[in-house]
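For Ser149, Asp226, His274, the entry in TrEMBL reads active site, charge relay system.
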Amino acid sequence: MSLKQVSSNKCFEGFQKVFEHDSAELKCKMKFGIYLPPKAETGKCPVLYWLSGLTCTEQNFITKAGFHQAAAEHGLIVVAPDTSPRGCNIEGEDESWDFGTGAGFYVDATEDPWKTNYRMYSYIKDELPKLINANFPTDPERMSVFGHSMGGHGALILALKNPGKYKSVSAFAPICNPIQCQWGKKALGGYLGSDVSKWEAYDATQLVKSYPDSHLDILIDQGKDDQFLSAGQLLPDNFIAACTERKIPVVFRLQQASCFCDLSLLGCCFGYDHSYFFIATFINDHIKHHAKYLNA
């Protein structure tokens with residue numbers, strides 16, 4: 001499968017590149033970002049896949065997260081794909097910010113008109129890793145996954161549905177229980193139909209209840225003042241309860257900023273939210289979390 005290089009930038013002695021390719025799974029052109037650390041010039045490196053959230057492209061993470069220095073130091077290739085098929089000429093694909101374009105939800109759609117193109121789960125699990133391993137100096141046996149919001153949901157379900165495939169998993173503000181929130185109900189209902197039992201196959205809180213063993217160390221960071229947490233879209237407590245019941249190790253960190261400012265200044269004490277400012281603050285912790293397993 002041929003790759004077209006879109007851009008290349010030197011960064012911390014490695015290279016941040018963007019490529020375009022024709023996807024057989026999604027039946028459209030797709031882009032992905034890939035960071036090649038200095039170590040990739042002399043040997044094979046483990047691969048860490050990042051899955052972005054609603055409305056994002058491959059650009060959001062590579063330009064905003066500030067992960068490059070840590071990835072270079074730990075010798076990790078980091079791949080950041082797009083979040084959905086694009087330009088498929090499906091009626092309604094561009095009508096909503098939380099469904100269709102930019103909102104593939106990392107599922108394989110079964111409903112018309114989405115089922116032909118909207119197969120992000122298989123694209124991320126199978127097609128993209130095969131493409132990466134065939135074209136870059138990777139170690140196929142060392143692979144991990146993490147993500148944000150919708151992408152955090154994607155990372156969790158990929159790890160839980162494929163025991164042993166990923167060495168580690170982590171997430172920022174993941175959608176933990178999509179069958180119980182409005183984002184999830186809209187996306188899963190649209191892509192998978194009205195049978196809720198089919199939705200459970202893409203719900204981390206449901207999947208962890210039948211995970212076969214405890215050999216999965218999960219790290220989750222959540223901003224205390226995340227507007228979508230308070231709106232009931234993320235539901236991390238449900239996931240944590242399910243993990244506790246199954247004795248699956250999960251480190252959940254509710255992050256809030258310390259305040260030393262004048263309390264009379266309106267808004268000065270807001271904590272961490274859902275943005276990439278929050279992600280950039282803790283991204284090094286996540287890179288270290290994955291490096292511990294990928295470089296073991």
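Even glycines carry a Cβ here, placed using N, Cα and C.
TrEMBL entries are annotated by machine, without manual review.
Note that this is a predicted model, so its numbers are computed, not measured.
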Euclidean distance between Cα atoms of His274 (active site, charge relay system) and Asp226 (active site, charge relay system), Å
5
Once near-sequence residues are set aside, which residues in the chain of His274 (active site, charge relay system), 6 or more away, have Cβ atoms under 8 Å from its Cβ?
Ser149, Ala173, Gly223, Asp226, Gln227, Phe228, Leu229
